[in-house]
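I have placed the structure first, in the form of C-alpha cells, so that the comments after it can refer back to it.
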Amino acid sequence: MEKLQNRILQEGHALSETVLKVDSFLNHQVDPDLMYEIGTYFKNYFKEHKITKIFTIESSGIAPAVMTAMQMNLPMVILKKQASKILNGDVYQTTVHSFTKGLDYELTLSKKYINKEDNILIIDDFLANGEAALGAARLVQESGAKVAGMGIVIEKSFQPGRKMLEEKGYDVYSLARIAKLEKGLIEFVK
C-alpha cells in the first residue's frame, strides 16, 4: 500500500535494526483516514474468504481492525492481554511473548464471542516473530472455529513471523513489508 509506505518513510523512525516507531499515525496518535483506507485494502483482499468476525489484540490493532469490521459489516472482537474479573473464567487463554515489551502475557478470549462455525480474520498492527498472531490463532482453533486469514498493517519481513505463519497454512496479507531497518533507514520489500 503506497500511501502507508509513504507515511512510514515520512513519519516512521527506525530506532534500531528491529524497532520501528510509527506512533504519529498508528499506535499512539491514529490517523482515521489512513485507517479507513487500510480497512478498505483488507476488505478487498479478504472479501471472498467468508469472514464472520474480525479479531485483534489490544491495543494497537484496534484502529485498523474496527475500520475493517465497519467496511465488512462484521463484529470485531478484542483479545485481551490481561485477565479481567468481568470475564468470569469462561474464557480461552494462551501465553504469548511480546517482542516489543520483552514479557509474557495471557491472551484471553471470552467463549461468549466465538463459536465453531466462525471464520475469523485476525488483524494486527505489526508482524515480527509471529507470536501474537500465533497466540490469536491458538485461541480461535481451541474454540473449534477457523482462521480465514491474517491482515497485517506493517510486516518486518526480515523476522521469522511470516514464514512461521505460512508454514502453518495461514493466508498472510501485509500492507507494508519492511526488508531492512537501520537507525534512520527504512527499506521495503521490492
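Yeah, the Cβs are placed from backbone N, Cα and C, and that goes for glycine too.
Taken from Swiss-Prot, the feature xanthine binding site covers L20, N27, K156. When other Cβ atoms within 10 Å of the Cβ of K156 (xanthine binding site) are tallied across all protein chains shown, the result is 25. The DSSP secondary structure for K156 (xanthine binding site) is strand.
N129 (5-phospho-alpha-D-ribose 1-diphosphate binding site) has a Cβ environment of 17 other Cβ atoms inside 10 Å. Marked as 5-phospho-alpha-D-ribose 1-diphosphate binding site by Swiss-Prot on the basis of sequence analysis: A128, N129, G130, E131, A132.
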Check: In the same chain, which residues outside the set A128, N129, G130, E131, A132 have their CB within 8 A of the centroid of the CB atoms that define the 5-phospho-alpha-D-ribose 1-diphosphate site?
Finding: H97, F99, L127, A133, L134, Q159, G161
Check: Relative to the Cα of N129 (5-phospho-alpha-D-ribose 1-diphosphate binding site), which of the binding-site residues L20, N27, K156 has the closest Cα?
Finding: K156
Note to self: Please give me the CB contact count at 10 A for G130 (5-phospho-alpha-D-ribose 1-diphosphate binding site), counting all chains in the structure.
What the structure shows: 25
Next item on the list: Among A128, E131, A132, these being the binding-site residues, pick the one whose CA is nearest to that of L20 (xanthine binding site).
Entry: A128
Next item on the list: Can you see whether DSSP assigns A132 (5-phospho-alpha-D-ribose 1-diphosphate binding site) to helix, strand or coil?
Entry: helix
Margin query: Beyond the listed site residues L20, N27, K156, identify every same-chain residue whose Cβ lies within 8 Å of the center of their Cβ atoms for the xanthine site.
Written below: G12, V19, K21, V22, L26, D125, F126, A128, I154, I178
